[in-house]
Every structure is written in C-alpha cells, then in structure tokens.
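Only one structure is covered here, and it is reproduced in the block below.
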Amino acid sequence: MDWGSELWDQYDTIEKHTQSGLDLVEKYVKFVKERTEIEQNYAKQLRNMTKKYLPKRGSKEEQECRFTNHQAFQDILNEMNDYAGQREVIAENMMIKICLELTKHLQELKQERKTHLSEAKKAQQSLECSFKQMENVSKRFEREWREAERAAQNAEKTDQDINATKADVEKAKQVAHMRAHTAEECKNEYASQLQKYNKEQNQFYYSQIPQIFNKLQDLDERRIRCLAEGYSMFAETEKQVMPIIGKCLEGITKAATNTDQKSDSLAVIEQHKSGFDRPGDVEFEDYSQGINRTSSDSSLSTPKGPLDLLGKNKNKLRLFGKKNKPAITEDFAHLPPEQRRKKLQQKMDEIGKELQKEQDQSEALVKMKDVYEKNPQMGNPESLAPQITQTAQNMERLRGELAKYEVRLTPVVRFSASTSSRTQCVGFNGSLFASAVVAGGGWRTDNANCEAGDPDSSQAIYAEFDEFDEDEMDVPIGQCTALYSFPGSSEGTISMQEGEVLSVVEEDKGDGWTRVRRPNGDEGYIPTSYVKITLPK
C-alpha cells in the first residue's frame, strides 16, 4: 500500500473541505448584506410614505386633525414612522453584529488556513529533499561497491597470471584495497542517511502531518461555531425589536379604536353651525280675493330666515350648490354669526396671549432696571429705556385691538344668544323640535323637552343686557380684580379701570361674560378674560 499517495489524497480532501467551509461563510455574509439592503430600502420607503401623507403645518389637513378619524390616520403614520426606525435598527444590527464580525473572522480563518497549508508543504518538501539525498548516497554506494568488486577480481586475476610482475600484482592489490575502502565509506554514509530519512519520515507521518490536520480541524470547528452564532444572531436581531414593533402595532389598533363617529359629527356641527334662525312659514296668499299686498306687508308677514340674510333670490330657491364667496374682512363679517363669534373670540384670545407676553417682558425689564440701578456695575439702567418704551407701546396697541374686537364681539354675542333662545323650542302642529345645524343644534331634529308657551324658556340670559332690579339684588359669590381697563360702552355692560376690585354676582356661563357689581351698587357685564376671579372655597 502506498502510504504517501493515500496521505496526500487525505490532505487534498481536507484542503477542499476547509475551502468549501470558508466559501459558505462568504455566501452567508453576502446573504445578510442583501437582507440588510432590503431592510434599509424598506425603512426608507416607509419614511418617505409617512412624510408624504403627514399633513404640513398650517395646512387644511392639519386643521382637520381635530376629527378623530383624521387624528387616527396621523397616529398610524407616526407609528409607521417608528416601525421604519425599528427596521433600520434591524439592518444596522445585522451589518455590525453579523456581517462585520463574520467578515473579520473569515479573514482570520483564511490567513490561519494558509499558514497551516504552508507548513504542510514545507514538511513535505523537507522530506522529499531528505529522500533525494538518501537516494543519491544509495546509488553512489552501489556504484562504488561494484567498482570494488571489479578491482578485487582484477587483483586476483593479476596475482594468478604467471606473466605479471610483482609490481603489477602489488598495484592491482593496492587499487582493490582502495576501492574496497571507498565502498565501505559509501556504505556507512548510506546507512547514516537512511537512518536520518527514516527518522524524518516517522516524524512527518506521526507528528507534523497529524498536528497540521488537528489545527485544520480546530479551524474548521471554529468556523462552524462562528457561523452558527451568525445564524442565531439573525433571529435574535429580529426578536430584539419585536416588543417595540408590537407596541407600534398596538398603537395602530388603539388609533383605530379611538375613532368616534359621534364625536366627529359633533365637531363638524360645532365648526360649521351658522347661528341663523330658521325661516317662518310662508303664508297663504288668496289671489281669488283680489287683495293686493304691498311689498312692505309681505315682508312683515313672513319672517326673514337664513336664506334672506344670505341674500336669497326671490324667484329661485337655492339651498345647496356653489355660491360666490364673500370678501374676507378684518371683523369676520363675511361669516355666519356663530362662526364669527368663534373667530372673534379666538382673535381676542390670541391678542390676550400676546398682551400677557408683553406684560411679562415689561415686568422683567422693570426688575432688570431696578437691579441695574442698585448695582451700576452690572449695566446702565438707561439702556433699557427704549425697550421699556417699546413694550409699553406694544401693550397699549394690543389693549386697543382687544377693545376693538370686544366691541365687535358684543353684538354678535347678543345675536347668538337671542337666536339660541328663539330656536330652543319651535312649535309646529303641536310637535316640538330642536334647532338643526343652521341654529347650532345637530344634523337631525329631535324632540325637545320644552314647555310651549313658557315665556321664560324662550328668553336668553345674555340676549340683551337689561337693567337689574335693585330690590332683588343677588348675593355676591366672590371677587375679581380688573387686569385691564374696559370702557363698558355697550348696553348692559359696566366700565372698569385696571386694578379695580369688583364683586362677582354671576359666573361666566360659557359666553365670555361675567356679571359684577360695584360697591355703590352698579351692576353690569364685563369680559371674563379682563379680570382675575377669586371665589371662596
């Protein structure tokens, strides 16, 4: 059996096996890289999609987020944005914990494998070189031994030859002896070289090659272990983000459950109700009697409704359809009463916030000026004078705007309150119906729990600010301090100065007005936002 060829067949098998293992690692790294690119592209597409459908600031879509179904869609987009972030985390972890780590181990394994194979080659070359030396010595020993035999035969032949001289015999014997001595030296050298080769061959087959094979086996086992860790990390990377992804999906489910059709319907009603009263019944005109009605009589007999207030065409009844939009004015006169009231109140709230901001800035400047006056090394008090003056001018301007919108709001509040009281109970053929959208009620009319004929139920508290009966004065329920001055020029209101203390007779009912009384007994309504109210516990 040729042990050499068998050994090198095994060597070639091990070399191919280790190379195929390294190739598998490279394939897995490429697979993970492609998966990482897919995750990155998926996350990028999700982010672009959410960015596309998220409403921009100040847009109409953002204003519609007050409705639960719109807000739910926005919440879903936000959750999808977070979901995209988790896909990016998966891609990043796969790239760092799998691709980079395996690539690093792969380079180390390749270098180590190359070293072990190089050691095997060197050992093989060393053994082959020793074998060639032994073979050369063996051939020389064979050649010298044959020469010695021929020299001995020649000396024996010369010695038996009667014609040969003594000198020829001695010379032949001397040559034979020299050849024999040379052959003996070659024999000893061959024996030594043979012993050396056998020792190297034994070390090669029993020590060097087994050690190299063991190293290659350990290398392949470490490769398999690293690859198994990469397989496990592939799943662990997904598992780590599963709780957060689950929360994102729960958020989407929660957004779906938070939608409320009733709430959205009420929000639409609250946003678009006009505050107009319903039109009265059209009276029967008996043309057979030949009575000619004047235009003034006709106008008196038929109450004007929202169609008349909006400019209804007498010859064409037009309830729905496109109409020319009125010009937008500063006082929002182009809007229906209820929407106009909301816009004015919103404008007053914005001005109030700006005014409060200017007041805070003014107080801060005054305190800073006092600090500068007490500690001149910190700054010059006169340097703050322009800012204080500018702040005072801004406050005065804002107070003027606030008073201007207050005057505009007062008649709108009266109209809305009176319309609300008139449309609260409407009798028709013995049935009672609540007001619809035009009067601020709802999309459908429902039976109301009102008593027909009760004059108090149809009278609004703030429809008009009437004079109060001094004999039936209410007991004050608290006090308030005026934050701003109020002229009180409208009927039913009362003027006040900044810092004035008044008694609260009746709290704000939601219309922005509070009923107060002076120490001298004068009563009236003032804007709630103009005072700081203190009620006893």
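Keep in mind that glycine also has a Cβ here, set from the backbone N, Cα and C atoms.
Here is what TrEMBL says about this protein:
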| type | residues | note |
| --- | --- | --- |
| COILED | 99-203 | coiled coil |
| COILED | 341-408 | coiled coil |
| DOMAIN | 1-264 | domain 'F-BAR' |
| DOMAIN | 334-411 | domain 'REM-1' |
| DOMAIN | 475-536 | domain 'SH3' |
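This prediction places the mean pLDDT of the domain 'REM-1' (334-411) at 85.
Note on the domain 'SH3' (475-536): DSSP counts are 3 helix, 28 strand, 31 coil. Secondary structure of the domain 'REM-1' (334-411), assigned with DSSP and counted as helix (H, G, I), strand (E, B) and coil, comes to 72 helix, 0 strand, 6 coil.
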